[in-house]
């Protein structure tokens with residue numbers, strides 16, 4: 001609970017339970033016997049338990065967070081009791097126009113890139129959340145770029161002269177063309193404070209903190225921008241990327257232009273694709289012949305393999321520059337909690353905040369392969385990482401360590417991509433590794449259930465073709481240099497019909513066709529399994545029992561792999577990443593350190609990936625590190641909002657447009673974080689991510705405000721650090737149809 005200084009007080013599970021016991025609440029089973037609060041059975045199984053502080057029966061209802069009576073706004077069971085309803089996390093994951101036009105050449109209008117006239121006329125967009133608009137955030141007068149970063153009397157020459165449509169009069173712009181400076185952050189520009197200069201110059205909403213009026217010898221007064229020589233000297237970033245602060249994996253404008261105009265080649269990917277296409281027909285004939293032979297002899301296909309033929313096939317294979325066994329070693333352990341690649345919220349400011357709070361592995365937001373190959377600016381922006389993300393992961397030697405592992409090279413940040421064809425994935429990986437030097441690994445997303453992607457054959461749709469998925473991962477390994485390749489999958493495409501176990505077997509051992517022809521295994525260094533099907537999306541609880549079964553399968557496959565030694569079915573050891581050890585990460589419904597360590601202990605996974613749990617309370621990583629609940633005060637939680645706003649301004653800019661972008665992403669985060677119920681208000685622990693609370697009040701007004709489901713209150717919170725929204729700014733929550741539009 002919060003102390004007198006309004007600071008978070010760490011509460012261990014035992015301490016919280018003890019406090020409840022002193023208040024008359026004790027955890028008991030259905031027979032009235034006391035149970036361990038950390039019992040996996042009590043955590044995983046929906047149940048009815050506990051008594052309230054008066055000794056009356058207080059039932060823990062599935063899907064409902066039990067709030068202490070003194071914090072309830074309405075009697076339990078009344079119509080006013082319900083707080084909104086179940087949030088639609090399906091909708092929350094499906095936003096953004098990025099997923100609509102994955103390939104302009106691949107559309108229903110014959111590939112001409114034109115919209116349907118009827119849809120265009122009515123402004124219709126297909127898919128979930130496609131009608132969401134955010135208006136605009138811009139100055140009333142647009143300052144010409146030749147004036148924006150220069151002294152008043154020494155601007156650059158504008159090539160348009162008097163015909164320029166932008167403002168050239170600096171004093172007019174400052175007094176009439178823009179809003180006043182923000183008083184937040186002490187009135188100091190976050191960009192200037194970090195770098196010693198602000199690249200946005202006069203357009204910065206904190207420009208007074210890095211400018212002054214100087215009197216010249218002739219008596220005139222000139223407005224000039226200031227710089228801090230010491231801070232600027234410490235900033236070693238190339239001047240070409242002067243809009244970034246402490247950022248790596250910056251791709252130059254020229255490189256993107258070269259990609260868009262197809263001036264940058266992918267020779268390794270081209271060689272691999274050419275080889276695959278060349279031998280495809282020969283392999284098909286060869287395997288058809290083997291099937292016939294096996295049928296005639298009434299034996300298994302693998303038993304009919306001719307060792308000499310296998311050697312001939314392997315002899316035809318072009319040796320890749322890097323085998324999976326030669327790539328950097330990865331490490332996953334209990335001390336390396338993973339932040340999932342998050343749609344919209346997987347942005348750099350949020351990842352930076354999570355790293356500060358203890359996240360050890362971070363992933364970019366899922367990037368589309370083809371737009372990356374085509375040099376699209378927005379897609380390449382997803383590859384940027386903060387300098388804090390290229391520090392080594394925490395390593396305490398608590399799990400299997402691969403020979404040759406170098407912790408100094410095992411950084412936190414990795415890139416996740418989506419692709420529907422092997423050639424797209426292969427080319428994407430080649431350009432990624434060439435242009436982004438700071439990558440822990442490259443992950444192929446085969447778990448996204450968004451219909452807009454699956455219809456294109458990406459995301460969870462990849463689970464329908466195990467052979468194609470294996471070939472895609474193998475091609476990625478061929479061209480990724482020393483960067484390991486990993487994959488994220490779901491249980492399967494249909495609810496109640498899991499197929500991940502068969503896929504995992506194929507990825508670990510390799511399909512017999514691939515092994516026989518000399519291609520080897522897929523060479524993945526790690527597999528992440530989300531305990532839901534594509535059809536299930538984000539509903540119901542994740543199936544951790546199935547995740548445990550798949551982990552046991554991997555252990556058995558290791559034994560089977562050893563049994564294949566010195567047989568014709570043995571995979572080439574050079575095709576085995578991490579010397580054949582495939583790390584296994586579980587994903588789904590991790591909302592506390594109790595969930596995290598229960599999954600580590602019971603499912604035996606190497607680590608756990610945290611997604612929505614981090615969006616609701618990013619300090620979950622701090623709880624995991626300390627092994628205890630942290631009852632964060634509202635003041636401390638607000639400080640995280642302030643940090644996000646500061647990091648957002650450093651990422652997207654401190655001008656009107658950058659503030660609008662920061663506000664949008666902050667509001668997206670608040671649409672999740674308002675669902676957090678403070679530990680001190682709960683009757684029962686551990687909390688569940690699927691539980692929704694009745695309407696309640698906080699322990700102070702700020703805590704009540706931060707728990708509000710009203711988007712207007714989220715706007716109020718954003719205004720504490722970003723000032724009032726611009727006149728043209730709009731916001732519509734992904735979860736709800738109601739929207740906010742700034743009043744003029």
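Glycine residues also receive a Cβ, built from the backbone N, Cα and C atoms like all the rest.
TrEMBL annotations: computationally assigned, not manually curated.
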Which one of 138-171, 172-205, 206-239 shows up in TrEMBL as zinc finger? 138-171
Correct range for region 'Disordered' (source TrEMBL, candidates 241-284, 285-328): 285-328
For the domain 'C3H1-type' (138-171), what does DSSP give as the number of helix, strand and coil residues? 9 helix, 2 strand, 23 coil
